[in-house]
Amino acid sequence: MKCAELLFSGQKVHHVTLPSQSEPCEYHQKKVLLFLLEKCIKTKFKQAINAVLLRPGILVLINDADWELMGELDYQIQDKDNIVFISTLHGG
Amino acid sequence: MDQEVCSLKALLKDKEEEISALKNKLAQLEQGHASVLKLHDKVTPIRPLTVKTALSNEDIMRYSRQLLLPELGVKGQLNLAKTSVLIVGCGGLGCPLAQYLAAAGIGRLGLLDYDEVELSNLHRQVLHGEENQGQAKALSAAGSVKRLNSTVECIPYHLQLTPENALQLIQQYDIVADCSDNVPSRYLVNDACVLSGKPLVSASALRLEGQLTVYNYQGGPCYRCLYPVPPPPETVTNCSDGGVLGVVPGVMGCFQALEVLKLASGLSSSCSPQLLMFDAQNLRFRSIRLRPKQADCAVCGDNPSVTRLVDYEAFCGSAATDKCRKLNLLSKGQRISVQEYKSIVDTSVPHLLLDVRPLVEVDICHLPISLNIPLSGLEERRSEDIRLLQERISQLKQQMAGDGQPAVYVICKLGNDSQKAVQVLEKMSGSEVESIAVKDICGGLMAWAMNVDPTFPQY
Ligand SMILES: [Zn+2]
C-alpha cells in the first residue's frame, strides 16, 4: 500500500457511472468518494478509505484543481468530473 | 657557427621563459581551484557576492544566445550573476539543476550533500563520473560545475542539513532548491525557508513520475500548507526501494532550473501556485491549481506554532536519509543469520527457501533453490500463490518422512519484507497451510552477498 495507484490495484484510470441517474447529475461528494472507492478498490477496502480520506500525503484533485479550492467534501460532483488521487513523491 | 650558437641560445632562453610562465600560471590556477573548491564540513559565514554592474566581452559572448531573449536581456543576466542558490541534495535532481544554473551564469551555487558517490548513483546523477566514486557528492558536483563555468562561485558542503545548521545556511542564500530524497528533509527545508523568508523551488521524482512546486513565494502556500501532516513512514517509497528511471529526475531537475532562473532573473512567474506533475510513461504533464497559503498553517499561518526548527526525524517518524530503515518485527528465535542459513544449505537439511521480493527484483538475481512468492501475494492470500505454497510444503513434508514441522526460511533484499512475510506465514500455519516452522533470514540477500557469497550481485 505504497501509493495511491497501488490502492487502486495498479489501474490508473477508472470510468465510473454514478447510480440514480434520474437525479440531474449532482451528487454529494462524500457519497461519491465512497462509491468510487467501493467500485475501484479491490482489496483492503477499509485501509483504502482511511488512506484516501484521512491519510496524509495524498492530494485529492477535482478537474485538475486542489479540492481545497473546490470546497473539499461540500463540492457537488458534476457529470464528467475528473477526480484524481495523487500521492506525494519524496525521492530525488 | 657562432651565429647558430647565438640564435639557439636565444631560442632556448625564450623557451625557458615560456616554461616558467606556464608553470606560474598552472600554480596560480591550481591554487585558485583549491581555494574555491574547499569542501565545507560545517556552515560558516560567507562573504556577500560581488555585484557585477556590467557584462564583460567574454560574458557577452558566452551568454549571447540567452541575452538575445527580450525576456532575459542584459538586466536579467546581471540579476542572475548577483543571485545565490542553495541546492539541497546533489543527486538525480540536483545534478541537472546545478548544471543548468551554472551554464546560465548564476552568481553562486551552494551544493549540499552528506553522501558519497556510489556506482548505483551514476545512471541519474550525471555530474558524477566513475572516477568520483567514494568522493563527496558535493565536491564531485562542484568540480563538474567548475569545468563547465569557472566564473560561477561554488561552495560544496559535505554535511547533513539539521535543525541546528539549516537557518544559518539558508539565510546566506537568495533561493533554495529542495532536491532531497526524504520526508524529514522536505519539512526541514520548508520550515527553514519560511522562517528566513526564502522562496523554495521543490521537485521530486520516483519510478516514472515527477512533481514540481514553488513554495513560499509571493504569498503562496508552503509545503506544510499542502501537507500539514507527514505521511506514515511505511507508506513512503524511496528511490533505492522503488527504483527510478534516471531521465525522470533529469527532466524534473531541468524544470527546477527553469523556475530558479525565472525567479533569479526577475522574469515574472505570473502563475498562481501550481503543482506540475510529469507522467513519463504516457509522456504527459498535468498542471494542478493549488490552494492558497493556509491561515491555519503551522509554520506560515496567522498563528504559527512552529516558530523555530524542530526535530524533523521525530516529527516524521523516519530518518533524514533515503537509506533503508531496518524493521525489527520478530523475536531472536524467529530469525537466523545468513551464516546459519549457509550451514543449513551445506548440510542438506530439508527446507523451503521462500523469496518474497517482487518478480522484477527476482529477475535481477536470486538463489537458485528459492521459491518466489511476493509478499503482496501472501498478504492478499492470492489463490494461485497459496496453492503453490501448499504444494511445496507437502512435497517437503514427504521428503522429511514425517518428523517435525517443515522448515520454511524467508528471504528478501534487506530483511524487512521477509519479517512481514514471517508474520503472515505464522498466521497461516496450521490453518491455510500445514503447520510449519518459519524463520526470517536476517539482512536478506544483501547480507548473503556481503557475508557469504561475494559473487552474488548487490543492487
Ligand atoms: Zn504554510
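Just so you know, the numbers here start at 1 and follow the chain as drawn.
Backbone N, Cα and C define each Cβ position, glycine as well.
Annotations in TrEMBL come from automatic prediction, not curation.
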Same-site residue for ATP (record: TrEMBL; known: B:Asp113, B:Ser120, B:Asn121, B:Leu122, B:His123, B:Arg124, B:Lys137, B:Asp181, B:Asn182; options: B:Gly92, B:Gly94, B:Gly210): B:Gly92
Zn(2+) site shell beyond B:Cys222, B:Cys225, B:Cys297, B:Cys300, criterion: Cβ within 8 Å of Cβ centroid: B:Val194, B:Tyr215, B:Asn216, B:Pro221, B:Tyr223, B:Arg224, B:Leu226, B:Lys293, B:Gln294, B:Ala298, B:Val299, B:Gly301
The one of B:Leu122, B:Cys316 whose CB sees the fewest other CB atoms within 10 Å, among these recorded positions: B:Leu122
B:Asp181 (ATP binding site) CB neighbourhood, other CB atoms within 10 A: 29
Mapped DSSP class for B:Cys316 (disulfide bond), helix or strand or coil: helix
Spatial neighbour of B:Leu122 (ATP binding site) that is closest, considering only the recorded positions B:Cys225, B:Cys239, B:Cys297, B:Cys316, B:Cys412 and their CA atoms: B:Cys239
Contacting binding-site residues, sequence order - B:Gly92, B:Cys297, B:Cys300 vs ligand 1, Cβ under 6 Å: B:Cys297, B:Cys300
